């Protein structure tokens with residue numbers, strides 16, 4: 001045990017060191033669980049996970065189909081994230097002895113009913129894959145790369161079966177497992193570092209069937225089945241199907257800490273780092289140019305305003321100084337703005353802390369469901385900052401109904417998201433999918449919301465409202481100033497939509513990989529690069545909002561509060577539009593329910609992105625306006 005702990009600590013220190021040395025390289029991860037040493041002939045139990053398909057996006061429990069069942073099906077301990085992802089990890093009939101090869105082991109014989117045959121055919125049509133796990137490693141299927149190279153790539157899970165050209169369905173009823181292990185030179189123990197399978201369809205022949213001692217004549221303990229060497233097993237009602245498997249153990253030089261590399265590099269398309277970094281450099285260059293222009297222009301404006309000697313000269317001057325008496329006038333629906341700013345602070349805190357933990361390797365793909373669990377819990381605890389920031393802003397607007405604002409902060413965003421999520425979950429439940437969140441888990445989510453998040457929002461709001469209000473740098477006039485007619489390019493709708501392009505441009509390449517990992521069942525692990533993109537997103541949101549706010553104030557339009565929020569937040573519109581483009585070009589979803597699920601979840605993601613980017617833009621603009629008006633002399 002001490003040796004295992006030393007390895008985990010060493011891996012953590014190494015990942016931190018590599019991150020400091022190579023910040024732009026791919027992310028570093030910890031294996032997620034303590035290594036386990038297996039002695040020869042130790043029992044190995046294969047666990048089964050959900051059936052998944054990229055065509056329907058609806059996961060199903062493994063035993064939804066008529067596969068061999070153990071005497072008692074047991075669900076393994078699941079965290080909140082696993083349940084929300086639709087993972088259902090259960091025991092199976094597949095069992096091995098460590099480092100002992102076995103051939104032609106019969107799992108069971110099943111007679112397919114018409115309903116069972118129909119289910120198998122539907123799942124084959126929808127290209128469902130079977131996911132299995134051994135020692136926390138998902139099963140991988142080796143295949144040749146599409147680019148023609150000799151390197152082997154891997155797919156996660158194996159197909160339920162296949163359909164021939166003549167319209168017949170065949171079942172993958174024989175599994176050839178290969179378990180790779182790394183032997184400890186100091187002891188007889190070994191660690192599992194790889195788990196592969198090659199599925200085959202075999203119509204087994206047998207004589208008199210004995211359930212206690214099942215045997216087939218197609219193969220025996222000395223021979224192994226090779227794909228294509230036997231007649232395939234057709235899926236048809238009232239036919240018997242024999243499920244069988246082989247297992248081979250193979251020594252490997254792969255260390256236990258590197259055993260997940262196979263799964264993280266199973267993508268066909270290589271990530272074009274040069275293209276991505278080049279795009280980021282362009283965004284950084286544009287941001288730098290914007291910052292320089294703003295600094296030079298502002299410096300000249302402030303110097304000119306401060307050199308005015310007479311009141312007549314001040315009255316003749318035009319520009320942003322003229323609206324100093326109205327620029328801090330509370331906006332329309334100021335309470336709603338406070339609610340959205342508070343929610344954005346909550347989301348920002350959750351995103352930042354989650355990304356830091358992911359960077360350090362604590363939320364690696366091997367820690368199944370860890371990322372989702374961390375996000376939910378961090379969202380709940382960040383309610384303290386949501387209440388504090390919304391109350392501080394509300395008090396600055398001289399509001400008195402702080403309890404009402406606190407209630408809206410605690411319930412508006414989570415309530416809208418929960419309503420959409422509940423409707424989508426009802427659709428999944430109607431399809432009898434394991435992706436439907438059970439009632440108990442739904443109750444746990446509501447309990448986290450009402451029992452922890454809401455009280456924390458109230459605590460934060462109480463603390464924030466007790467603090468002294470922020471003082472405006474200049475006094476606000478009693479009578480609002482008339483706003484002159486604006487040019488077409490300064491109209492709110494146009495400038496808001498233009499402002500969202502640059503923040504979206506900073507993330508859309510990385511967005512492709514995130515969508516691929518979510519909807520095409522691939523692992524996402526490039527958290528180091530994602531963190532850099534997140535920082536660039538913050539910079540671009542801040543700068544584009546400040547620039548457009550400056551132009552707006554120069555046009556003597558002082559309604560900047562909501563405009564600042566919506567300018568950066570409009571990038572969410574482009575994100576949702578891009579999700580539609582991705583749906584049409586990359587996904588093969590044909591079912592209406594699956595399409596509703598996709599756009600429903602992308603709507604939730606876009607709404608969250610709107611709140612995040614809008615808050616970043618608002619606070620950047622808020623700092624900028626206070627800074628420039630405190631830098632000029634106002635009589």
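Yeah, the Cβs are placed from backbone N, Cα and C, and that goes for glycine too.
A TrEMBL annotation is a machine prediction, not a hand-curated record.
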Matching range for TrEMBL feature annotation, transmembrane segment, among 442-465, 466-489: 442-465
Leading contact stretch, 337-363, 369-388, 526-551, 563-583, 595-625 vs the transmembrane segment (496-520) - CB distance under 8 Å: 563-583
Beyond the flanks of the transmembrane segment (409-430) by at least 6 residues, Cβ under 8 Å: 58, 338-340, 342-343, 383, 386-387, 390, 436-437, 442, 445-446, 449, 453-454, 457-458, 461, 593, 596-597, 600-601, 603-604, 607-608, 611
Distant-in-sequence neighbours of the transmembrane segment (563-583), which means Cβ under 8 A and at least six residues beyond its ends: 337, 340-341, 492, 495-497, 499-501, 503-504, 507-508, 511-512, 515, 519, 541-542, 544-545, 548-549, 552, 589, 595, 598-599, 602-603, 605-607, 609-611, 613-618, 620-622
Same-chain residue ranges lying at least 6 outside the transmembrane segment (442-465) that approach it to Cβ under 8 Å: 80, 342, 376-377, 379-381, 383-392, 394-395, 402-403, 405-406, 409-411, 414, 418, 422, 425
Spatial neighbours of the transmembrane segment (595-625) far in sequence, C-beta under 8 Å, 6+ residues away: 57-58, 327-328, 337, 340-341, 343-345, 347-348, 351, 413, 416-417, 420-421, 423-424, 427-428, 499-500, 503, 519, 537-538, 541-546, 549-550, 553, 560-561, 564-573, 575-576, 579-580, 583, 587, 589
